[in-house]
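Student: Before I ask anything, here is the structure I am working with.
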């Protein structure tokens, strides 16, 4: 009994073992099959992939094991910061060389007053004239600062040729020439523009590694980081650069872009300062404008009032500067004499401007009253100096600084006033030139001069200080004035942080914030920012901000300013009406689709490209050739005496016309002229089929009269050519066509009169939208949507147009043009008139009695949702 039990247990054990063995074998076999399938799939993909060399594979292996794990954004932003830092350094180096070259020509080469004047203005004159020619011939879009165009791009409307490599190259070289000429210009705007172009080009490169960089939204996100890098590499201010990009770029800033801006800005600022250490031999990383304001009591609480007054003065001065620029630009663009001079020769006006401004800075002339012998950087450093220029017993270094700002005939006050007006007026005049320019740094220097005047006056009025403070520091007023004036011109608060980073001092933090806040508030009430001014003058598609004290923004609705004359598609229209709609309204990129002109129920929207494809499918060449009579084609194809001979000639040779009958070769094949021609057709004696080297022009010249009446079969080399002549009678018929545009290609088509009749018949057919991609949910607004909500939606979603509906009925459309006009009217106190509900519909399709409504198969777009973004760009970009 026990033996039987043992046998049973042993059998069970063996059975369990066998089951486990079978299970493990099946599992192993399954894993092997999976591995084999993976290998086969990998092998199949490898066969289809492009060939990569040994070093390329090694590079990708290193990439995936290092930077590939960090993510492409990190590498992208690091490259962006390094490249922009190198560009900024090269610009500074070129400007330094130009300034030294001008001083060398003036001091060492020329002798005599007139010769010195010629030497002083010669280099700026040549640089500006060369700059004007380069900008006009290579990239006219490089003129100006570029910030208004980039602001427009950030809301989704990309201007033509603004972000190209040619523009980058011209902007780079042009900025060197502009600032190196000594004119009151800056590099912040051009550097931001160049940084944006680099982002665009790097996105194309990185799209090979990660397809997300192809997305337009990703590109716009990276443009925000470009602004931060541009400011960081100009002033060595990464934090201020990020805050500046937040204030200037868009009305709504995505928080997810915050780290990108900081990362790129830190890389750019660090690289820029390290280049100065590695190449220029600087001891260490220092501030751009070093100051020394460290005292136990830097300022008294009563001193906040003078700083507030300084902010008030800077606010009015900044608004005055914007007003002067606005009217000067309008005068230059409307004056008949200046326009005639510009049209006669584009170099005359820049030549006059550069000679005038360079003559003002001539050292023996007015230049001695504005420290013209110093460059822009040393001028600001001396303005920030922490001692009074009017005190007695100056040290030798202090006397050296004051000697640039005083003469035997004038004091420091007169010189500072002359310098202030030169920077303000000279910057306005210089920025009217068609060259790469920047306006931030000249206004920064003007504010520093204004603050220095205020500081020197305060020091003379209170020589012992205010309250517990022993002495006042005029240089601190200069720094506060620089931030307040530039903040008033640009309508930004981030200039405070930029100033702190440039000077490496936050001693006067509270006075600076107070002055900039007051200056900013005053300037916003009196004038737009310098960037918005350019956007308005060039009529770029960018929405202005709504003033907070405007009550009409809650009382004005979209029905009051929408466009009621709508160009639309309907289900009952025919192809002819659709073709006429496309031809007569070429600026509209997207058309709304309604069910019927009487009901006007909005069904969706269709892009112009989809409509063109739909029309081509109905009346295109391929569709037309399907209607050729089959018997005629058969008779034509069997009209040759030797089909096999023609087959042997394919792809071997093409027809060639040769008027001379003496130079025949043994391998040439002649075709006797057995062709019946129409009246008026030139007589063709013979055709010689020759090599592929015969030109198309020779063929077309001889065969043009017969192009619409005959057909020539394609030839291909399938067998050696027999040395014999074979007559090739070509049948004359209304359905024959000789097409020699592509040699070796045989095309039959209808004659002209039959084509027109066929096309007219097809255009009368009702449009079939079944296979057309329709956006079923375009962006819509209701009639009673307030102006404030419309502005918020357009700014937040970056859309360019929206349809206005009433219970599903299409009643209007509103775009950037209409919204911009409504906002400007509301800000000026003249809101749009209330709508009287008198809508005018542009009925493109006459009403038809109860048309049969076809079924629409809505195919969603494959390239993202078509919610109105960037679709009507052309319609409003030139408005």
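Cβ atoms are placed via backbone N, Cα and C, with glycine included.
Got these off TrEMBL a minute ago, pasting:
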COILED    23-54  coiled coil
COMPBIAS  853-862  compositional bias 'Low complexity'
REGION    852-871  region 'Disordered'
TRANSMEM  74-92  transmembrane segment
TRANSMEM  104-130  transmembrane segment
TRANSMEM  225-246  transmembrane segment
TRANSMEM  258-279  transmembrane segment
TRANSMEM  304-323  transmembrane segment
TRANSMEM  344-362  transmembrane segment
TRANSMEM  476-500  transmembrane segment
TRANSMEM  506-527  transmembrane segment
Student: Examine the transmembrane segment (74-92) against the transmembrane segment (225-246) and state whether at least 3 Cβ pairs sit under 8 A, considering only residue pairs 6 or more apart.
Tutor: yes
Student: Using a Cβ-Cβ cut-off of under 8 Å, list the residues of the same chain that are 6+ residues beyond the ends of the transmembrane segment (506-527) and lie near it.
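Tutor: Tertiary neighbours of the transmembrane segment (506-527) are 293-295, 298-299, 303-304, 307-308, 310-312, 314-316, 318-319, 322-323, 326, 476, 479-481, 483-485, 487-489, 491-493, 495-496, 499-500, 533.
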Student: Might you confirm whether the transmembrane segment (225-246) is in contact with the transmembrane segment (304-323), defined here as three or more C-beta pairs under 8 A between residues 6 or more apart in sequence?
Tutor: no
Student: Grab the pLDDT values for the coiled coil (23-54) and give me their mean, rounded.
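Tutor: It averages 79.
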Student: What stretch of 104-130, 225-246, 258-279 shows the most Cβ pairs under 8 Å to the transmembrane segment (476-500)?
Tutor: 225-246
Student: Restricting to the same chain and to residues at least six past its boundaries, which positions have a Cβ under 8 Å from a Cβ of the transmembrane segment (104-130)?
Tutor: 98, 177-178, 180-183, 347, 350-351, 353-355, 358-359, 361-364, 433, 435
Student: Who are the long-range neighbours of the transmembrane segment (258-279) in its own chain, taking Cβ under 8 Å and residues 6 or more past its ends?
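Tutor: Beyond its ends, the transmembrane segment (258-279) has Cβ neighbours at 73-74, 77-78, 80-82, 84-86, 88-89, 221-222, 224-229, 231-233, 236-239, 241-242, 245-246, 285-286.
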